[in-house]
Ligand code: ADP
Ligand code: MG
């Protein structure tokens, strides 16, 4: 709750809305206690008194009634009716939505068709019809406004409930023997509650307006009782001669509806963290590049060169240094492993290469990424787009998430081929078939017509690799491609990647958290910690004689078969959060060998030849 309020008040407009609304609520709550004249006492002699006249701060209306008093009493009534209508609509509508969504089938059909019938009538007309049937009066206006808003809640909540009702936790609740009511109230309601609150906070404003509208037409509050709508209605005749009688309730309606809507938007954003982190704001096609320092001088070491790459996430005032100056290169036919714990910046490094880090919040703040010597970070979008897939391709961890669920894999492969080459469909299909064969998919011909969900995880990852190979790239960046697979399938996929590398001279950057995998596949390895490379070198040398204490601990975490019962080591503590890195060595707080000088100054990556380590008290000299 405290967190919610903090998020809410970080939004200035929402805070403004909340302040205005609370002030209004407090004033109307204490209105009966204030020394105000009777709102309905007429004094025709004093009619249409201007504002700020003696005894009437806001003046009087056409019957000489005190406008301030009428305004406060009227606001009280309008707010009460609007909020009551919103509550009624929310409760009835949400219940209908929950029941329809949960039971589904015929119950859903019958209920929702009823709701559709309500929705088929124009909104205001329906409210008018209801009031006409029930007779004018504030209570009937309330019923009408609530009734016409029920479908809005019912539809919203039903949609969400349908999605939730099929989820495993509902099955689990059923299996544990809970009845329908307990599932509806205990399991489903808490999950849809935020949506109900959001829907309410954004509709109270309308409902107040609608009630005011009905009163304006004389169908709501009846004279002499004032509400905001009826005040406006009565002032209509004197709009020109005594404008203050209309302006006073008009300004109040404006204040109420504005503050409720600002607050409502704030509540929605605060309850939906995705909106804050920018997930719903459309990311740019290319990561924002904003290099503060000079671009490092070109020095070509491989086909793909990362040179002091820095990528940050700017979230509010915080700066997360996800990648803090990574230099890495890979040559044709070479496989370079990048290894590190979860959160060490491996994926962000990989995505920065082709400008795939979502911006906002991602920004590349330094360094260079060169493909065949050409800097990709300054490149135009068209250049980058051409290089994506054609020169540098990616394989991701979860093929089920990267393959489109509604297209056959053959069609997806054909599309990948035809994005870059104007291949006739027949030829593209033949090529897709070749690709599936190249990644050793049995019965490739019939597999072309499979949907992703019809394949096993291992097969899907093969398709993922085939997609990456579709345009004969020179570099493949594989981001934990085997993490979701079981060990035997993992071995097959690794063997496949290794074959492809040898057959086609591919350069592979292989990201993993598993030293066992690195040992099988990679020529060289770079160990990442907190966004930096802490050790690198040829795989065998690093494995045999790890120099950084972190590398040593990582290797000790790999279980060995047949080596008897050995206590598996783990690394105590957690990786640091990258918005507030400690001075000196980032690993020092978790390192049992850390000394005082480890916690001071910058520690450089130093070494000879291919070996380098970022540690001033290494386990082994390099
Ligand atoms: P991994 O090594 O597990 O692939 P990542 O590269 O995904 O790690 O993440 C590196 C760091 O970047 C993490 O500390 C993570 O919290 C941060 N990060 C990643 N994406 C975002 C984002 N969209 N907003 C803020 N921080 C992010
Ligand atoms: Mg990752």
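We count from 1, first residue shown onward.
Even glycines carry a Cβ here, placed using N, Cα and C.
Annotation comment: TrEMBL describes 12-34 (among others) as transmembrane segment.
The annotation domain 'ABC transmembrane type-1' is assigned in TrEMBL to 75-264.
Among the features that TrEMBL reports, transmembrane segment is placed at 77-103 (among others). Long-range contacts of the transmembrane segment (77-103) within the same chain: residues 24-25, 28, 111-112, 115, 138, 141-142, 145-147, 149-162, 164-165, 180, 183-184, 188-189, 192, 196, 199-200, 203-205, 207-208, 210-212, 215, 220-221, 225-229, 253, 256, each at least 6 residues beyond the stretch ends and with a Cβ under 8 Å from a Cβ of the stretch.
TrEMBL lists 115-135 (among others) with the feature transmembrane segment.
The transmembrane segment feature in TrEMBL is assigned to 188-209 (among others). Remote same-chain residues near the transmembrane segment (188-209) are listed as 78-79, 81-83, 85-87, 89-90, 94, 97-98, 102, 145-146, 149, 152-153, 156-157, 160-161, 164-165, 170, 228, 253, 256-257, 260-261, 263-265, 267-268, 271-272 (criterion: CB distance under 8 Å, separation of at least six residues from the stretch ends).
The feature transmembrane segment is assigned by TrEMBL to 246-264 (among others).
Taken together, the residues in the domain 'ABC transporter' (304-555) have a mean pLDDT of 89 on the 0 to 100 scale. Feature annotation from TrEMBL assigns domain 'ABC transporter' to 304-555.
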Near the transmembrane segment (12-34) in space but 6 or more residues beyond its ends, with Cβ under 8 Å, are 72-73, 75-76, 79, 255-256, 258-267, 269-270
